[in-house]
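Annotated features in TrEMBL:
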COMPBIAS  215-232  compositional bias 'Basic residues'
COMPBIAS  239-285  compositional bias 'Basic residues'
DOMAIN    54-195  domain 'WIF'
REGION    215-307  region 'Disordered'
SIGNAL    1-19  signal peptide
Amino acid sequence: MSGPLRLSLLLLLAAVACSGELNVWFERQMLESVISQMMLLSAKNPLRPRCKPRGGAEQLLHRLTADRFPIVADGHLLSGIYFNSLSRSGIVLANSINSFTVHWATASRDGLPPTRVQYKFMGLHSHNQSVLLHPRLTVPSTGFVPAAESSFQLNLQCTKRVSGVAEFEIHAVFQFSDRPEKRSLTMQHRFRKACLSAADLLKLQQKCYCRKKCKQQIKKKRRRRNHRKKQRAANSSPSRRRSDRRQQRRRRGDRRRGGKKGRNSRQRRQRRRQRRRRLRRRRKECQKECRRGCRAQPSDCQQREAD
Ligand SMILES: *[C@@H]1O[C@H](CO)[C@@H](O)[C@H](O)[C@H]1NC(C)=O
């Protein structure tokens, strides 16, 4: 390591040591639930969430190996790293994400007396109140950060009157009052969040309910049909089975002899395509029927969005 680099590193460490201990962080469990709900958003339209998470969620979640994700670490603001990229990439928080749990503490881990840190939330603003209410905290908007580890929640409540994407802003200042230089940290970020009206949410829940139900129904039917087919084969007499086998061999022989091979495989492809088309039609009909039932009796089909 070169001299100047080592020196700057030492200076940095010294700065960390005397800046007082303030730690603010997210825990992995909370981030995991936020990310898995984000995976329900279709990138094209955040107001039309999917019924099932899109692929990639597992991979992403596997990469969250730390237990804590710092926003402020040892008195240094780190949130810019991810919050800035979050706002810049235009990521929209899912409708179902309506609170964040934030942990904080000022007690140092090496036994030094805790620094007194005053916090002040100056701006907690929704830029479209017909869609999203102003964000709310479960702690007073000003006070001192507790010495021991504790947590609070930031609640994001949609009005449920109108569907839309609303911007909101968070502006917080931390002041290290024990320090002669009165150091402070400022955090100001803008985020976006999708909100669904109650009617749109119900529609989504019913859509997802019907998709799931029809999938199960069709699978069950297919299983029953396959079972019957097998039974029929088992019940047939041995001589019949022998002749069946002969017929099969003959058919296979036809295929092997070429010439007709192309036609056969084309026919098979066609049959497969027809089967798929039939299945799609059946699924659509089932869903239409199911939704009609849901409209008549909405409470029957209410379900968690992410279910
Ligand atoms: C708020 O959002 C709704 C729905 O997207 C939109 O129609 C309305 O114009 C927005 N209002 C403002 C002040 O941006």
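We count from 1, first residue shown onward.
Cβ atoms are placed via backbone N, Cα and C, with glycine included.
Mean pLDDT for the domain 'WIF' (54-195) in this predicted model: 86. Mapped onto DSSP classes, the domain 'WIF' (54-195) shows 16 helix, 65 strand, 61 coil.
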